[in-house]
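Asks: What follows is a single structure, and I will ask about it in a moment.
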Amino acid sequence: MGAAILSELLTEILIPVAAVIGIVFALVQWLLVSKIQLTHEAPPSSRSNKNGAGDYLMEEEDGVNDHNVVLKCAEIQNAISEGATSFLFTEYQYVGIFMVAFAVLIFLFLGSVEGFSTKGKSCTYSKDKTCKPALFNAIFSTVAFVLGAVTSVVSGFLGMKIATYANARTTLEARKGVGKAFIVAFRSGAVMGFLLSANGLFVLYLSINLFKLYYGDDWEGLFEAITGYGLGGSSMALFGRVGGGIYTKAADVGADLVGKVERNIPEDDPRNPAVIADNVGDNVGDIAGMGSDLFGSYAESSCAALVVASISSFGINHELTAMFYPLLISSMGIVVCLLTTLFATDLFEIKAVKEIEPALKRQLIISTALMTVGIAIVSWLALPPSFTIFNFGSQKEVKNWELFFCVAIGLWSGLVIGFVTEYYTSNAYSPVQDVADSCRTGAATNVIFGLALGYKSVIVPIFAIAVSIFVSFSLAAMYGIAVAALGMLSTIATGLAIDAYGPISDNAGGIAEMAGMSHRVRERTDALDAAGNTTAAIGKGFAIGSAALVSLALFGAFVSRAAISTVDVLTPKVFIGLVVGAMLPYWFSAMTMKSVGSAALKMVEEVRRQFDTIPGLMEGTAKPDYATCVKISTDASIKEMIPPGALVMLTPLIVGTFFGVETLSGVLAGSLVSGVQVAISASNTGGAWDNAKKYIEAGVSEHAKSLGPKGSDPHKAAVIGDTIGDPLKDTSGPSLNILIKLMAVESLVFAPFFATHGGLLFKIF
């Protein structure tokens with residue numbers, strides 16, 4: 001079998017060092033952004049040509065010396081920041097109550113497995129050894145859950161604060177040129193990406209080492225307890241995604257329907273009462289929600305890999321370096337993403353609008369190529385030449401190069417999914433242009449074309465996921481699938497930087513409009529936003545693809561932990577679970593879409609009321625009541641996020657307790673298979689409608705000009721399509737990947753209870 005080249009001591013040093021490097025790099029990027037003052041200053045005398053050649057003249061022309069513009073930007077930024085902070089604090093109060101209640105539930109369920117006994121028990125996979133009591137497994141699983149939940153909440157909150165800090169600064173830099181604005185938006189996104197990935201890695205590493213003080217040689221119990229970390233991360237992400245998604249889309253739909261369609265005013269016009277709520281929503285939904293979501297994916301894929309490894313030769317022989325292979329992959333990812341970021345901020349200059357999207361795509365390609373080399377190095381240093389991996393009751397012999405291929409295929413599948421998503425959602429390609437063209441004949445044909453595009457866009461990503469699953473499972477069983485998911489998420493810092501860049505640019509455009517800046521500044525922020533819209537769709541593609549692999553790895557770990565030898569779909573118990581599981585994503589989507597609809601209805605009525613009753617609002621001589629619209633979004637999202645959240649959290653508990661582990665395995669398989677399809681099609685349909693609208697508005701080609709300008713019938717049809725797509729791409733679609741992951745990790749955490757006490761109905765009858 002052999003031993004790993006990397007010593008255990010060096011492994012213990014390298015992981016926290018990589019995490020600290022990530023945190024320090026994030027702080028450096030934040031300091032660079034903070035140098036842009038939100039107070040009036042005289043323009044510098046030097047005429048730097050870096051990232052926006054000769055922009056000093058543009059500064060003067062666009063009124064950089066206008067003190068009122070700078071103050072207005074600061075005022076708007078404060079309003080957005082206060083609104084976002086207020087919403088998140090309100091949301092976290094409710095989520096905190098849930099967190100405490102669910103932590104108690106974990107303790108009671110897992111503690112009751114052995115009747116709250118404090119006596120040691122024989123290990124599940126090594127019967128000759130004695131493992132720690134079930135009661136202590138319950139305690140440590142509960143602690144891990146709270147740690148994961150708190151880390152997820154902090155990740156989302158930090159991301160939101162950084163984004164609201166950077167939006168006005170991006171606007172101000174846009175007056176000096178598109179290159180300078182791009183750097184501010186991207187650096188701010190990088191702050192979030194590196195803080196989240198480094199914090200996630202550091203807290204997980206610290207938790208394992210602290211738990212090890214009690215568990216000692218009982219690695220089976222230790223890593224079983226650590227799965228609570230993934231459950232905590234994902235449960236917070238669910239509420240962040242659903243609550244934030246309802247908030248942002250209620251405001252967005254209200255602002256679009258009344259402002260753009262009925263009153264024919266620009267999207268971010270300060271006369272629109274819903275405009276501040278809309279900008280707040282970009283931060284609480286797309287930034288805080290996405291941050292928590294990808295942190296949850298990272299935590300779950302790491303936990304799934306560690307659980308399977310703990311009952312393989314790594315855990316049985318106590319090979320610490322090999323056991324920490326998933327954490328070493330994440331550490332390498334931080335270093336690779338750091339180098340990749342420099343290509344966007346320091347090594348290449350953005351001088352024109354057309355260079356923005358290629359620069360962002362280059363980030364994905366460079367990080368993937370460098371990470372492939374990084375994976376090879378880690379696999380060579382951290383793994384023995386050959387070892388065994390647990391495979392449903394037996395041990396499968398695997399070589400270290402085979403594990404390299406598992407991680408690499410996950411990494412490259414992510415890139416494929418990203419670029420296919422881009423093809424179907426970017427207005428640079430024919431699918432979105434066809435959707436825009438269909439607006440000639442009204443909203444109905446736009447909706448038909450958009451839905452068809454979404455369904456078609458599922459094909460290649462599903463094949464990419466299928467190939468990843470087949471290859472990684474053939475090479476290294478369920479552990480192969482877990483590390484393939486980790487491979488897809490290994491460049492999470494770059495992925496999040498690109499993803500957070502979008503909402504920051506969107507907010508920057510809104511601030512430019514509200515502050516009354518020149519048309520040229522708005523054109524630059526629109527160009528940044530259009531590129532960000534596509535990259536946000538790519539980010540959602542990554543999140544959904546990784547969720548599919550993570551869920552399957554967790555499903556495998558659950559099946560092993562619940563002592564199920566095979567999952568036979570011809571068994572009635574399994575088949576009914578399969579059918580019900582396949583239905584759940586539709587039920588969940590219906591709940592979240594209706595929630596957006598009811599919240600948007602209240603918003604539309606309020607915006608209409610203000611336009612009708614506030615004298616001088618349309619003329620711009622009176623101010624709208626922004627606070628009421630912010631309150632409508634906040635109240636609606638807090639109230640409406642509870643039922644979908646309850647559906648996801650209670651389903652595994654009810655099914656496992658009353659119907660048993662076999663039916664629950666069917667529910668998990670069914671929700672995974674249908675959830676991935678619905679999530680991809682919903683996200684891409686919404687993204688395509690959004691960019692079809694932007695394609696008409698920008699009017700950069702003869703074809704686009706023939707459909708415009710703003711306010712034309714095709715444009716109004718495109719706005720209606722975009723409005724329908726908003727809840728699909730920003731609420732239901734992204735939340736579905738959390739549904740399939742969360743149900744799987746929750747089932748894994750509660751597996752000992754379900755295996756011992758589950759299936760009450762079948763026992764009675």
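Positions of Cβ are set from backbone N, Cα and C atoms, glycine also.
Residues annotated as transmembrane segment in TrEMBL: 13-33, 94-113, 133-160, 181-208, 323-344, 364-383, 403-425, 446-471, 477-498, 542-564, 570-588.
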Asks: So, does the transmembrane segment (323-344) come close enough to the transmembrane segment (13-33) to give 3+ Cβ pairs below 8 Å, pairs being at least 6 apart in sequence?
Replies: yes
Asks: Any contact between the transmembrane segment (477-498) and the transmembrane segment (446-471), i.e. 3 or more CB pairs below 8 Å with pairs at least 6 residues apart?
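Replies: These two stretches do touch.
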Asks: Report, as numbers and ranges, every residue of the chain located at least six residues beyond the transmembrane segment (403-425) whose Cβ falls under 8 Å of a Cβ in that stretch; write 'none' if there are none.
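Replies: For the transmembrane segment (403-425), the nonlocal Cβ contacts are 325, 329, 361, 364-365, 368, 371-372, 375-376, 379-380, 383, 431-432, 453-454, 456-457, 460-461, 464-465, 467-468, 471-472, 475-476, 479-481, 483-491, 533-535, 537-538, 540-542, 544-546, 549, 683-684, 687-688, 690-691.
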